[in-house]
Amino acid sequence: MEAHREKEDWREAIALLVKFCRGEAHLDILLDNAHQLHSRWLVMETFRQWLVIDALLAPHLKRAPRPEAHNLLRLAVAECLYREEADRPKVVHYAVEVARGIKLSKPEAGFVNGVLRSVLRAGKFSDAGPEKSHPDWLVKRWKNSLGEAATQQLLNWNQSIPGLYVRAGEKPEYCDETDWAGYFKVQQSRSPDAIADVKAGKVYIQDPFTRIPVDLLDPKPGESILDLCAAPGGKSRLLSERMSGKGRLILVDKPGNRLERLISNFARLEKPGPLIIGSLLENLEALAPEHNLECASMDAVLIDVPCSNTGVIQKRPDVKLRLKEADILAQSEQQLKLLELAARWVRPGGRLVYSTCSLEPEENTAVVEAFCKAHGKWKLVREKLSQPWECGHDGGGAFLLTIEADA
């Protein structure tokens with residue numbers, strides 16, 4: 001291990017893990033605040049194996065240590081999981097050095113040393129299979145809905161290192177071609193080159209799933225299009241490209257960090273950009289007059305609803321820690337309400353796309369079926385369910401709905 005730089009990365013990773021444990025931020029926000037690629041990797045791998053790590057630590061912890069010590073232990077066990085048995089004692093020694101660097105007391109450093117050596121003696125690292133890294137209830141749910149074989153493929157996918165995709169006009173020299181026009185996969189050793197180009201505005205990071213809801217909506221120059229729950233703006237940017245600067249594009253998301261990211265992402269593009277409104281969807285009608293908006297006036301509406309994120313666990317492994325089984329039903333009820341609110345803005349004969357990054361039927365087909373059953377003028381025209389272990393990118397659902405034109 002490189003001494004000074006490596007310890008800096010460990011210290012940053014521990015600080016980010018502590019923030020998560022204190023409920024200060026979700027993983028995506030934490031990673032945005034990581035200054036080093038290696039500290040990002042350390043955080044991701046700790047989250048990916050979190051349930052296994054805690055199971056390995058539990059027999060050796062009579063009580064929970066302070067968050068700094070606890071997350072140093074997690075990080076060290078994560079490192080051990082990716083190392084050969086002969087190298088694991090070196091990780092223990094290194095963790096004790098880091099303990100001093102993050103100002104743990106001498107007894108705490110000794111505690112870290114003792115716990116990690118006990119974990120090594122117990123030798124349970126072979127128990128760290130993909131199924132053990134997911135909550136039991138979620139594995140059971142997937143086996144019921146997807147079957148044993150597909151569930152195993154999904155578990156393996158979630159535990160693999162995600163590919164980094166960029167969107168660009170031409171293939172950057174540090175990328176490989178993909179099956180999706182305009183999307184290129186960054187070679188694993190060339191991530192720093194990609195990040196530099198992202199900062200320079202030459203390319204932007206985007207998963208190929210993003211194209212699916214936009215393709216279904218099929219935006220055209222000159223149309224009026226409303227993108228709801230638009231942040232951080234990946235789909236919005238595709239909409240803007242397809243419209244070629246002609247027509248009206250309106251982006252809406254609730255005030256907060258995500259809206260700020262949306263505004264920042266569009267600030268880099270040529271002006272004039274789309275109209276961006278910070279509002280909860282249920283409050284949008286009250287703000288409509290000041291933005292020259294009317295209900296039932298938009299040619300097309302896209303709503304990418306908040307969801308369980310079970311289609312993007314590979315990139316957001318903290319979902320396995322945050323999500324509860326009851327959340328899925330609660331989400332689906334909220335999603336139906338949001339879909340109904342979105343539909344109010346579509347003109348007669350217009351188009352509406354509902355999309356999620358969830359694999360759960362309750363959040364996809366069930367929501368759309370309930371909506372169409374309650375609103376007879378609406379029809380489901382096309383749907384696309386993306387299963388990541390098959391398609392090779394993020395998973396989710398996208399549904400194109402149309403409403404009857406006036407007679």
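Glycine is no exception: its Cβ is also placed from the backbone N, Cα and C atoms.
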According to TrEMBL, CYS229, ALA230, ALA231, PRO232, GLY233, GLY234, LYS235, ASP253 bind S-adenosyl-L-methionine; which one of ASP179, ASP193, ASP299, ASP304 is annotated to that same site? ASP304
For GLY233 (S-adenosyl-L-methionine binding site), write down the residues of its own chain that are at least 6 apart in sequence and whose Cβ falls under 8 Å from its Cβ; none is a fine answer. LEU251, ARG261, LEU262, ASN265, PHE266
Spatially, and counting Cα to Cα, which of the binding-site residues is closest to CYS357 (active site, nucleophile)? Options: CYS229, ALA231, LYS235, ASP304. ASP304
Using a 10 Å radius around each Cβ and all protein chains in view, which of these recorded positions has the most neighbours: CYS229, CYS357? CYS357
Let me check the 10 A CB neighbour count of ASP304 (S-adenosyl-L-methionine binding site). How many other CB atoms are there? 24
Those same-chain residues, other than CYS229, ALA230, ALA231, PRO232, GLY233, GLY234, LYS235, ASP253, ASP304, found with Cβ within 8 Å of the centroid of the S-adenosyl-L-methionine-site Cβ atoms are ASP227, SER236, LEU251, ARG258, LEU262
